[in-house]
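**Q** Residues or ranges marked as domain 'tRNA methyltransferase TRMD/TRM10-type' by TrEMBL: 1-225. What TrEMBL lists as S-adenosyl-L-methionine binding site is GLY113, ILE133, GLY134, ASP135, TYR136, VAL137, LEU138.
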Amino acid sequence: MNFHVLTLFPQMIIDGLNTSITGRAIEKGTLSVSAIDIRDFSTNKHLKVDDYPYGGGAGMVMQAAPVCAAYNYVAEKMKHKPRVIYMTPQGYPFKQSMAREFSKEDDLVILCGHYEGIDERALELIVTDYVSIGDYVLTGGELAAMVVIDAVSRLVPGVLNNEDSAEFESFHNNLLEYPQYTRPEMFEGMNVPEILLSGHHGKVDAWRLEKSIERTKQYRPDLYNLYFDNLKTKEI
Ligand code: 6GU
């Protein structure tokens, strides 16, 4: 899978993803991440890419021309029009289900804004998906783009060592993960729960499900309700 990130801070993307699991996948060739510097497409003699907002107000707005030129540069090499994700707090909330959808693409273009945003006309022309990673404000879209790339990458076959581990984790059934333990059996006077040492797989699974439900109820009542609604639907 190939990620193409349009950004004013390409080094941030490269530095952030060349380590750990994504770094290894890039090295192996399972993934590629290219960061395209929008400033390279400025036609201004001072390489300016932003200007004052029409109608007034604080801050600067990224101009449409360099953004569209950077997009055309990556898209013209492709057979089909790629999906273009714009990272913005005004977008749909990013979910595991979205990561699953994005992981089916061969190419994903991710557009990162800065300042007060990007001229709406550029967005209308090129963006297919508006995505937010949560209800808080970031200084720019780069960290959000890295979050999306990380979550999508681990669903691409060959990126994780243990391929089936990807789906058997949080959110596949709207439940949070159960607690995990490893050696030693006792640490600081605290024992590993007896059931996990029993070798009884049925009991272990039941205990883990119980813990998952408990945690989800406490920390994520929204997901807990979805889990219960789904159970009811299956009974019918
Ligand atoms: Cl996706 N982008 C930016 N720039 N800020 C955000 C965000 C995204 N999600 C939350 N805050």
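Here the Cβ of each residue, glycine as well, is placed from N, Cα and C on the backbone.
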**Q** If you draw a 10 Å sphere on the Cβ of ASP135 (S-adenosyl-L-methionine binding site), how many other Cβ atoms land inside?
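**A** Summing over all protein chains shown, ASP135 (S-adenosyl-L-methionine binding site) has 7 other Cβ atoms within 10 Å.
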**Q** Within 10 Å of the Cβ of VAL137 (S-adenosyl-L-methionine binding site), how many other Cβ atoms can be counted across all chains shown?
**A** 6
**Q** Pick from GLY113, GLY134: which of these binding-site residues has the biggest number of other Cβ atoms within 10 Å of its Cβ?
**A** GLY113
**Q** Check the binding-site residues ILE133, TYR136, LEU138 for other C-beta atoms within 10 angstroms of each C-beta and report the one with the most.
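**A** Of ILE133, TYR136, LEU138, the one with the most crowded Cβ is ILE133.
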**Q** Could you give the mean pLDDT over the domain 'tRNA methyltransferase TRMD/TRM10-type' (1-225), rounded to a whole number?
**A** 96
**Q** Looking only at GLY113, ILE133, GLY134, ASP135, TYR136, VAL137, LEU138, which the record lists for S-adenosyl-L-methionine, tell me the maximum pairwise CA distance in angstrom.
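**A** Per the listed residues, the maximum Cα distance equals 17 Å.
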